[in-house]
Amino acid sequence: MEKRQLHSSQLQQSQQPLNIITNTINSRPSLLRKPTTTSTTSNDRISYPPSSDSKFIQQQPLLTNADIKLEDIENSSGNSGNNILKNSINNVSMQISQLNSSHHSRALLMQKRNNPTTNIRPTVKKKLDDTHKPLASNFKKPVAPISKLNNTSMNNNNNKINNFNNTNNTNNINSKNDISPTQNTTKTFSPNSSLLNSSIKFEKSNFFSTMYSSPTTTTTSSTIINENNNNISMSSNNSSFDLQQQHALHERMNKIDQFTQTVRGNLQTQFDNISEQLKPPRLSLSIQDIKTRLDYEEKNKEVEKVKLELKNVLQSFKEKEKELMEAHYKVSQLSLIKDNMERDLQQSNQTILDLQHEIRSSSLKAIEVDEKFHNMTSVTKDLDDEIIRLNQLVNQRDVEIESLKKDNRDLLEKSRADEKLRRKLHNTIQELKGNIRVFCRIRPDFSSPDGLNGNVFNLPPGTDNLVEVKSPTIGSFNGEASIKKTAFTFDRVFGPASTQEMVFEDISQLVQSSLDGYNTCIFTYGQTGSGKTHSILGDLKVPSQRGMIPRTVEKIFSSIQELSEKGWTYQIECFFLEIYNETINDLLNTTSKNNNNDLKYEIKHNLENNVTTVTNMTVVPVTNPKQVYELLALANKTRSVAKTLCNERSSRSHTVFQLKLTGFNQQSSERTQGLLNLIDLAGSERVSRSGVEGKQLKETQAINKSLSSLGDVISALANKEQHIPYRNSKLTFLLQNSIGGNSKTLMFVNISPELKDLQESTSSLRFAAKVNSCELGVARKQKII
Ligand SMILES: Nc1ncnc2c1ncn2[C@@H]1O[C@H](COP(=O)(O)OP(=O)(O)OP(=O)(O)O)[C@@H](O)[C@H]1O
């Protein structure tokens, strides 16, 4: 501002040049137009569109007279650019002012030459006037337009001018060579010289410095001039000039005039250039307008800057808004997460509360458990002591047990030996008793209160094997009736009062023989209704009335249980068949029943092991008495029963109940197999008495045949005949291995106590006595290979 004010004051002092410049600017509105740059280089030509900005102002030709470098302008911006333009205008104004001042000085000099007090001659004065007039007129003449200005030259000139201005004028003044007229001539007027303007300016400066400097400076300048002009000196303080000096001065003035002309021409050129550049804006705008415009530009610049900042702010705002949206989204997400976490936290808190509750409960329980554990610890200690004591006791017991085991082994060994001995003795006894024994059982007399018909049978007291049959006879001499007593001796005679239990007690030894591996056969023989079935089967539903079969079964299973302690195990298989009219029926086969011709039952004997089998027979393994009872009930249903005149329940067939007993001793590895036959023979009544006929007659004949065959076999065995007629009947053939030397046979002869049955009873007793008289030899034990 200070510099600008200074320039303004200078402009005030030289109104004319300022006006010229102002008018020039006002007449050059195009200066304010924005240049249309065809090239960005400083050497390119620039055109100016109708706009203005700082860049344009920086490159306008006016700057050629300002101390501005184009690079400075290009590098400047904003207010600095405007300031440079203003400074250049001020510099131009100052130059113009200097020129005016020069012109004024020259006028003073001319006045001084015209002043009589000076020694300047009128010719000199005239010359000065002549010299001054064109210069003054030239300053007053309107600026002629310059067709074209080489910008490159302009810029170069500007650079030179700047260099000149930047350097100290004083230093340049001291340069003698630069003010040489010769040099001025060659450099100043060379149209293509790049140093044209600078030289001109240099000359101008030297000139003005020389002519219008202070007295001290003038002296120095004069000295310089004198040196360049063969020591011609000029001093303003010297009031008297001699002629030579005047001549020299005159020449000097001429040179000055020439120089002035030159300077004026150059200035004119510069002014023309400036006028050309400043013509439109200078014509329309004032400096104030420019300033206003500059302010406006500054404002626009600020506005642009503000817009740019606003744009940046908007951009930033958008970014911030976007960030805010993202932040909002994140906040919403975080809010959801927060809600979830709060729910989880609530659940966790609830869980913690529950867990704390459980922990408290567990703690209480733990305390209780600790107390129990403490108590248990003491109890455990007591128990440990007890265990130690018991262990000691156990050890003692182990020793005792070991001793007892040894004793037991010894006892078992002894027991086996005893058992072996028992069996041997038992067999010996059975052999001594006979391998075929006959028991007689007299049925109770249902008409007698005591059941005993003493008129027919007499059982002598003190005997159990004798029965006397009282049979009335008519004497041949006198014709008087008499009682004939016939005594029959058997192995055992059971009277009418004998119970099922008493009968079985004596036959149980045979059961034991079956378990020892012997074939045994127990059969009942007697007329119909004599009590055969009662003795062999009895009433299964009444335990006291159960016959030999159920009691044998019970005896077998109880004996098996006892023998198991001695290492014996048994497998029991059950068969139940009948022989009806010399035909074998399977009573345990409910499908075939009777008269089933599809199955053929054939009796086969194994001569090696004396085992008899019947083909296609149903074999039922039994493990307990109940199973046997069920089989007996089943067989009773299928048994052929025919109503006869003698006994409505008379059996018309032979029934054979077989138990195959297979034993194995794990200790001795001994194996045994015995077959127990319990046979209920059909009634042996005579055909004439029974009154049967037809089919039943045939049945009776078959029954009698089989019973007769049985007697024949026993007779043959008793007579030790070579041929034993086993094959005469199915019954004898079936019992081939059960009657004879390889078996133990027990025959029950059942007797009816009734007088009407006396003849049949006597016949049965005779048959039984015949059997009882037989020696069937020594029974052999059946062994399984
Ligand atoms: N010792 C006895 N004690 C009591 N009742 C008996 C005795 N013996 C036989 N009875 C009875 O006499 C009847 C005939 O006996 P049982 O049926 O046993 O004769 P049976 O010889 O088998 O005749 P059948 O040859 O016709 O079969 C039966 O009612 C039976 O209960």
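In case you wondered, yes, glycine gets a Cβ from its N, Cα and C as well.
The region 'Disordered' annotation in TrEMBL covers 1-55. Residues or ranges marked as compositional bias 'Low complexity' in TrEMBL: 7-18. As annotated by TrEMBL, compositional bias 'Polar residues' applies to 19-55. The feature coiled coil is assigned by TrEMBL to 293-358. The domain 'Kinesin motor' annotation in TrEMBL covers 435-774. Feature annotation from TrEMBL assigns ATP binding site to GLY526, GLN527, THR528, GLY529, SER530, GLY531, LYS532, THR533.
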Legend entry - GLY529 (ATP binding site) CB neighbourhood, other CB atoms within 10 A: 22
Inset, instruction - For the binding-site residues GLN527, SER530, work out the Cβ neighbour count at 10 Å and name the residue with the minimum. - result: GLN527
Inset, instruction - Out of THR528, THR533, give me whichever of these binding-site residues has the highest number of other Cβ atoms within 10 Å. - result: THR528
Legend entry - Cβ atoms near LYS532 (ATP binding site) (within 10 Å, other residues, all chains): 29
Inset, instruction - Look at the binding-site residues GLY526, GLY531 and tell me which residue has the greatest number of other C-beta atoms within 10 angstroms of its C-beta. - result: GLY526
Legend entry - Stretch-averaged pLDDT - the domain 'Kinesin motor' (435-774): 82
